[in-house]
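Visitor: After the structure tokens below, expect a handful of questions from me.
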């Protein structure tokens, strides 16, 4: 089985030895750009198959994910689980509401009621949106039988206890993150990468 970082690197989704500003404002030398994976349907399918293989022994009726990031993976995971189990496994997603929580719309709430649900996410940073998706699934009367992610970047916090359900990750890795004043890339004069992350916004704020 391929390593998930090899797959991401092959499509330009794993960036190393760079200088990137993350969502939190911290500076990183490594970055995962999951959006680089999704145009490649074959690779996306392969990752979905990898996740399905990890959870195939669980009883799963539905795969759910928080929009937008996890939608592609949840569909491929559900597709491969359907083939493995010889029956249809549905794929749905939750959406952010005005309060910032995740909820099931479009009739998906009725579809999952009483069902056994696997929640899938691509990259876990804080784990917040994924946890809200788990809560929304439970709120609709479904059982969360597991949470599966492509990469867990916050393994010290995000785990089985965090979700209250079995937790699976294709890979877990902490990326060093620095405050601007402590950033070794800043001190070395490495230019900010403006193609990914929030580098462009960061530089605009410096003007």
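Glycine is no exception: its Cβ is also placed from the backbone N, Cα and C atoms.
The following feature annotations were taken from TrEMBL:
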BINDING   96, 121, 122, 123, 124, 125, 126, 127, 128, 129  5-phospho-alpha-D-ribose 1-diphosphate binding site
BINDING   153  orotate binding site
DOMAIN    35-156  domain 'Phosphoribosyltransferase'
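Buried or exposed, and what's around them? Tell me for each listed feature.
Guide: Just so you know, the Cβ of residue 96 (5-phospho-alpha-D-ribose 1-diphosphate binding site) picks up 15 other Cβ atoms within 10 Å once every protein chain is counted.
Note: residue 153 (orotate binding site) has non-local neighbours 32, 123, 124, 125, 172, 173, 174, 175, i.e. same-chain residues 6+ apart with C-beta under 8 A of its own C-beta.
Secondary structure of the domain 'Phosphoribosyltransferase' (35-156), assigned with DSSP and counted as helix (H, G, I), strand (E, B) and coil, comes to 49 helix, 33 strand, 40 coil.
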Visitor: The record lists 96, 121, 122, 123, 124, 125, 126, 127, 128, 129 as binding 5-phospho-alpha-D-ribose 1-diphosphate. What's the largest Cα to Cα distance among them, in Å, rounded to a whole number?
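Guide: In whole numbers, the farthest two Cα atoms are 17 Å apart.
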Visitor: With every protein chain in view, what's the tally of Cβ atoms within 10 Å of the Cβ of residue 126 (5-phospho-alpha-D-ribose 1-diphosphate binding site), excluding that atom itself?
Guide: 13
